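> Before I ask anything, let me first share the structure, which is written out below as structure tokens.
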Amino acid sequence: MTDSDQSLKVLEELFKNLSVATADNRVEAAQEVASFLNGNIIEHDIPEKFFEELAKAVKDKKTSANFLEAVAHIANEANLSPSVEPFVITLVPEICAKAGDKDKDVQAVASKTLVAISKAINPVAIKAYLPHLTKSLETTNKWQEKVSVLAAISALVDAAKEQVALRMPELIPVLSETMWDTKKEVKEAATATMTKATETVDNKDIERFIPQLISCIADPKQVPETVHLLGATTFVAEVTPATLSIMVPLLSRGLAERETSIKRKAAVIIDNMCKLVEDPQVVAPFLDKLLPGLKNNYATIADPEAREVTLRGLKTLRRVGNVTEDDVLPEISHAGDIETTLGVINELLKGENVAPRFKIVVEYIAAMAGDLIDERVIDQQAWFTHITPYMTIFMHERNAKDVLDEFRKRAVDNIPVGPNFDDEEDEGEDLCNCEFSLAYGAKILLNKTQLRLKRGRRYGLCGPNGAGKSTLMRAIANGQVDGFPTPEECMTVYVEHDIDGTHADTSVLDFVVSSEVGTKEAITAKLVEFGFTEEMINMPISSLSGGWKMKLALARAVLKNADILLLDEPTNHLDTVNVAWLVNYLNTCGITSVIVSHDSGFLDNVCQYIIHYEGLKLRKYKGNLSEFVKKCPTAQSYYELGASDLEFKFPEPGYLEGVKTKQKAIVKVSNMTFQYPGTSKPQISDISFQCSLSSRIAVIGPNGAGKSTLINVLTGELLPTSGEVYTHENCRIAYIKQHAFAHIESHLDKTPSEYIQWRFQTGEDRETMDRANRQINENDAEAMNKIFKIEGTPRRIAGIHARRKFKNTYEYECSFLLGENIGMKSERWVPMMSVDNAWIPRGELVESHSKMVAEVDMKEALASGQFRPLTRKEIEEHCAMLGLDAELVSHSRIRGLSGGQKVKLVLAACSWQRPHLIVLDEPTNYLDRDSLGALSKALKAFEGGVIIITHSAEFTKNLTEEVWAVKDGKMTPSGHNWVSGQGAGPRIEKKEDEEDKFDAMGNKIAGGKKKKKLSSAELRKKKKERMKKKKELGDAYVSSDDEDF
């Protein structure tokens, strides 16, 4: 007798013992069967006949409980043999049926057996086991069976959490249906199992909302409130099938709600979550549930803003899910289907002469391979560990491993492949190689992306405004990036664009010494190497220009022995000489650099690699910026400003009385000199220029030459020490400072809309109310004591109240103080009555009361209909002209905007009053390449004058015609076309009733049309008609308005 025959004989005997066992010795008989089966059965032998008999015995009412007990013991989680496991799974449908048996003893044993199997099976065999359980839930009418199966699923979650997570899209609908069962016990068990199953949802963003999500399945009335809760959530974690399986039921119901606000929020959640999906196949099973709802809402929602949000969600879903333009859904990958993997392994086993009796084992192996494919486990060792014990049932181990490895390769080839990005090819020391995610406020910036930096390399970090370039730099500097080396392992220094204002009065040397980076001698030597003179080293930081502050920050970073320099806009405020110095320094210093810059020439000359933001990932390209653009043509706007598709538009400037051509000077400066108090010499001296509506002026010069001082005098921020400055009475100037954020830094907790409303709520620009040309100083107060002789009485002006035309100029209504006992001790000035007010010509007033006259001119300009209603819609439309969408303008705080978005807000706010002159100090700071291109085109099309201070020749070369070269306090103009009087060129016509006008309270001003002037013949005809009518009517005749002439 062979060993195999001996084994079969023992099994037959054990089977007989078990079939006649009583309740008292059933457990012992079952243990004997389990011990033998899970022991060392003869190689290449499996007890398939035993399990055929076992299945019949489980069905038999008389022996059912005994043999169920045997299965429970066979499925002992510690001892279940691979040669037995596939056959145990074939019994699951029968065991499920027995869990609903009328005999409570059988029910109990069947339920216990199902839980034992859930705990015992190989976790990757879930695809062979779970379908039996879900089919039982869908088909049975027995509530006891449902409760037992639900308990088995709960046990399976504990045993195979990661594998259940991938099966959630199939499991959740079945559990949801079961939660609606009429039987209380089933409802409670289903809810408990659903709660257990959601433990596989490894997503911190929705973790705390899972109880509400489960409640929504049972009670759809809770959907609106839950959507509201989730609408305020920041999504940063990767979205997996498990996450979507619990979220999609809620979102599909949210899209079908009546309230537009719920539909909008559901679209926002879909938009935010889909951006975090790594693989299109993750979202593929859910497209048919979300896409129709979004499409229907976009077609039917009346609110334009909600429709726009819905469209955004629709576009994101289509992009992430690879949906075509005609909404043909992509095919779901079948790489992990049992049919696919079974076909692959059967093909490989054709020449191996595998006996038909091993078919169940082969199918089981195919199921396990399918799960490994779904998990994207492609490692050879993992496949050997999980599957080799099952392959060796019918093959020798060495041969089994060869076949299994080929099986793995062919199965993996069926997985849909995403884009493959080659990493850098050259060798070198890794300073950083980490994977991380990054969010800012309510926005996800990077999701599970890799950052790899090597020693001595120079990297350019590129991406649009709001992508998170500066945020990434700060996060690295603050140690908030997972896996990035600590300062002890790798010294990383963030070189900021500007030094904190708290150090304004600190000397340059003391500032660096306070950083504890070396001795005074070493620090002084390094500063001298960076170009600082001895005088500059001892100067306060506040007296340094922006370019020298940048060099100071860089010197401090180098003294810290930095391994990595993080340079955020390093060329801001640097003139061409210092930019060339910086290029040479970075190229020769040997320090790894990560650079954010909008200066394409600088990146071209410095960078060896470009790290680009693409779909919440960082992708690395070898080469400088020009090489990057060749590989990525969509980024052409980084290289050519004109290539930008983004469009900005400035509002058309208001009409200026007396200005008939664009050449006429609206600002005129003659022999102007300015000197800061306490300095040894003037900053600028003997400067003359004029500006008109046609001006396109570039102000150039080295750092510290006096460019910003010149502009501050032009805009009224500073008053000249000597010389004359004339500005047209109604001229409005928009001035964006070099440090653009200075405009908004005290309003960070307002939304952009609230900031604009605050700034212009009085009708005037509150940002300009503290300008020097509007403040009354001692000299002004002294001049305002001028005594006027009016109607034979000495008077001083108390106030100026109104303005009217007077010949070719204006005259102003003034109230007075009457002088008594002038020149004596008892001199006094008594306020006069309003009836004593008088009108004084402008020429007489400006000598002594120029600032009061300017205030009246400002109010008259606003009263003439130039004021705009501060409504949310008007502000959103205005900001949209400068690249800010409504979501940012009305729903986001300024604090959460990126640097570029803040600059766009400053541009929008400064141009709110339809300026005649736009003055930009270093506009290339902080704006990305797309925005710079759009700004360049908008300034070119602007109907008013433009004055730009910049070191970027690229930005001004096609924009400006006139150049003011400032050097050593002197200004040399070139290319100018200054005229006296109106000058030549086309005439400007005043546009009547072009658009609605509003007063300071936002009320519409009804403008009556001017009556056409009649000719002499028309007047005679009208007179005859009037006389005829008068003759006919006699005393009853009354003239009408249209008969007056």
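Cβ atoms here come from the backbone N, Cα and C positions, even for glycine.
The following feature annotations were taken from Swiss-Prot:
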COMPBIAS  1007-1031  compositional bias 'Basic residues'
DOMAIN    426-641  domain 'ABC transporter 1'
DOMAIN    667-993  domain 'ABC transporter 2'
REPEAT    5-42  repeat 'HEAT 1'
REPEAT    43-85  repeat 'HEAT 2'
REPEAT    86-123  repeat 'HEAT 3'
REPEAT    125-162  repeat 'HEAT 4'
REPEAT    166-203  repeat 'HEAT 5'
REPEAT    205-241  repeat 'HEAT 6'
REPEAT    242-279  repeat 'HEAT 7'
> Mind pulling out the one from 43-85, 86-123, 125-162, 166-203 with the most Cβ pairs under 8 angstroms to the repeat 'HEAT 7' (242-279)?
166-203
> Who are the chain neighbours of the repeat 'HEAT 3' (86-123) in space, where the CB to CB distance is under 8 Å and they lie at least 6 residues beyond its ends?
23, 46-48, 51, 54-55, 58-59, 61, 64-65, 68-69, 71-72, 74-77, 80, 129, 132-133, 135-136, 140, 142-149, 151-153, 155-156, 158-160, 162-163, 360-361, 363-364, 368, 386, 390
> Just give the helix, strand and coil counts over the repeat 'HEAT 3' (86-123), going by DSSP.
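Within the repeat 'HEAT 3' (86-123) the tally stands at 30 helix, 0 strand, 8 coil.
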> So how many of the residues in the repeat 'HEAT 5' (166-203) end up helix, strand or coil by DSSP?
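The breakdown for the repeat 'HEAT 5' (166-203) reads 31 helix, 0 strand, 7 coil.
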> For the repeat 'HEAT 2' (43-85), could you work out the same-chain residues 6 or more beyond its ends whose Cβ comes under 8 Å from its Cβ atoms?
4, 7-8, 11, 15, 18-19, 21, 23, 26-27, 29-31, 33-35, 37, 91, 94-95, 98, 101, 103, 105-106, 109-110, 112-113, 116-117, 119-122, 125, 159, 357-358, 360-361, 364, 389-390, 393-394
> Just give the helix, strand and coil counts over the repeat 'HEAT 2' (43-85), going by DSSP.
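Secondary-structure composition of the repeat 'HEAT 2' (43-85): 24 helix, 0 strand, 19 coil.
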> Helix, strand, coil residue numbers for the repeat 'HEAT 7' (242-279) per DSSP?
29 helix, 1 strand, 8 coil
